[in-house]
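Taken from Swiss-Prot as is:
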{"type": "ACT_SITE", "residues": "Glu68", "note": "active site"}
{"type": "BINDING", "residues": "His67, His71", "note": "Zn(2+) binding site"}
{"type": "DOMAIN", "residues": "7-145", "note": "domain 'SprT-like'"}
Amino acid sequence: MNQAELQRHMEEVSLQFFQKEFRHQAVFNARLRTTGGRYLLKSHNIEMNPKYLENFGLAYFIGIMKHELCHYHLHLEKKGYQHRDQDFRELLKKVDAPRFCATIPREITMHEYTCKSCGKSFLRQRRFNVNRYRCGSCGGKLIQTDSKKIYTENP
């Protein structure tokens, strides 16, 4: 999905669920990490996280769109648009939008190092120069044996 398709989807979702037009811009923002989208109060634009579309699919992504459109329409109507406001919670229930997003699994590269002398192995996230460091147990030389990707739930 590109920016134009996102804009079209946002306008369609707004008309279908809120019976109101979406008159501002919807854009992808890949820098968003722990949030599915955000409504910008000053410009009234909505930024969406493309990783949620990739990881969870279009149906879940439309739920996030509905959540952001709740902020959008309530703010323009000068009603309570924040998560704690009663107007916001009622509109979320009415349009069946999620209150929170699921976390995206994060990809971490783990590097395995092994001691040549004692055979002890350990994992590190950051690589290091094996010529500058020694084994903490026996003082032997270290070698990098493996690098693997691990997916975690925490952001």
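Cβ atoms are placed via backbone N, Cα and C, with glycine included.
On a predicted model such as this, the values are computed, not experimentally measured, just so you know.
On the structure: features taken from Swiss-Prot.
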residue	record	Cβ contacts under 8 Å, 6 or more apart
His67	Zn(2+) binding site	Gly36, Gly37, Leu92, Ala97, Pro98, Arg99
Glu68	active site	Gly36, Gly37, Arg38, Tyr39, Ile46, Met48
His71	Zn(2+) binding site	Tyr39, Tyr81, Phe88
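Summarised as a single figure, the pLDDT of the domain 'SprT-like' (7-145) averages 96. Following the DSSP three-state reduction, the secondary structure of the residue listed as 'active site' is helix.
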